[in-house]
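One structure is given here, and the rest of the page talks about it.
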């Protein structure tokens, strides 16, 4: 991940998930849903095929995690970073520190996906609390490793990663709260907003460190450059809110348009015609004695 491509791939995967949750939250708010994601039916009431037992989100977690883990270990082709200790050196030093931090980081997201699959496919009833706890653990590990990741780094790298930790920490905090207090719309919005900020900032972080548009590398020794980092991060906070608002607006238009399409013509309430000379009241009055007699 210590390259432009590594940061872009990870950022785009996070962004896809954040945009998906933006749509999910928007429709949940528009429909007044009690649950963001309703629990799956009991296992015996689902089909027997694996895609009927497991949600798509669990599979996506596993696939996306593998997409970023495997290149960390084996890219470019012929590389093998699965070695943790240099056994040829008499001092036996650890090697590939950053690689193993990244693998551990994304390995816990892989673990979260596996927990989802076990909860949904191997238990009689889905254990949503366990799934939320595993996801919260993944983000806690992300923040913990980021704290260590910025050690012995330049001032520029330390600042951009410290700013990255803020939305990651808030997402982790929301997920921890949701283990015990789930299905709170305000937490849905905060988690989605911070997810958008996290993914956008990670995208910006890679471009800024490895391919600055100006062609001039940013300097950690320049206080002006460091000041603009915080300014740009604040812009990303606003950008995340704008993106979420735009997605909500588009979902609102779709929701109301789709609702109008589903409304059958003639399904609206029509009052009974009671105009003078109408046949409907006469028919009702003629049938009323018969109804009374029947009772």
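Heads up, the Cβ atoms here are built off N, Cα and C, so glycines get one too.
Summarising the annotation, TrEMBL assigns transmembrane segment to 6-30 (among others).
Per TrEMBL, the feature transmembrane segment maps to 50-70 (among others). Long-range contacts of the transmembrane segment (50-70) within the same chain, counting only residues at least 6 positions beyond its ends with a Cβ under 8 Å from a Cβ of the stretch, are 1, 6, 9-10, 13, 17, 37, 40, 43, 102-103, 106-107, 109-110, 112-114, 116-117, 120-121.
According to TrEMBL, the transmembrane segment annotation covers 103-121 (among others).
Per TrEMBL, the feature transmembrane segment maps to 133-150 (among others).
The transmembrane segment annotation in TrEMBL covers 162-181 (among others). Beyond the transmembrane segment (162-181), the same-chain residues lying 6 or more positions past its ends with a Cβ under 8 Å from any Cβ of the stretch are 129, 132-133, 135-136, 139-140, 142-143, 146-147, 150, 187, 190-191, 194-195, 197-198, 201-202, 205, 229-230, 233.
Residues annotated as transmembrane segment in TrEMBL: 193-211 (among others).
Within the chain, the transmembrane segment (226-254) has long-range Cβ neighbours (under 8 A, six or more residues past its boundaries) at 19, 22-23, 26-27, 29-30, 155-156, 159-160, 163, 166, 189, 192-194, 196-197, 200-201, 204, 208, 218, 220. The transmembrane segment annotation in TrEMBL covers 226-254 (among others).
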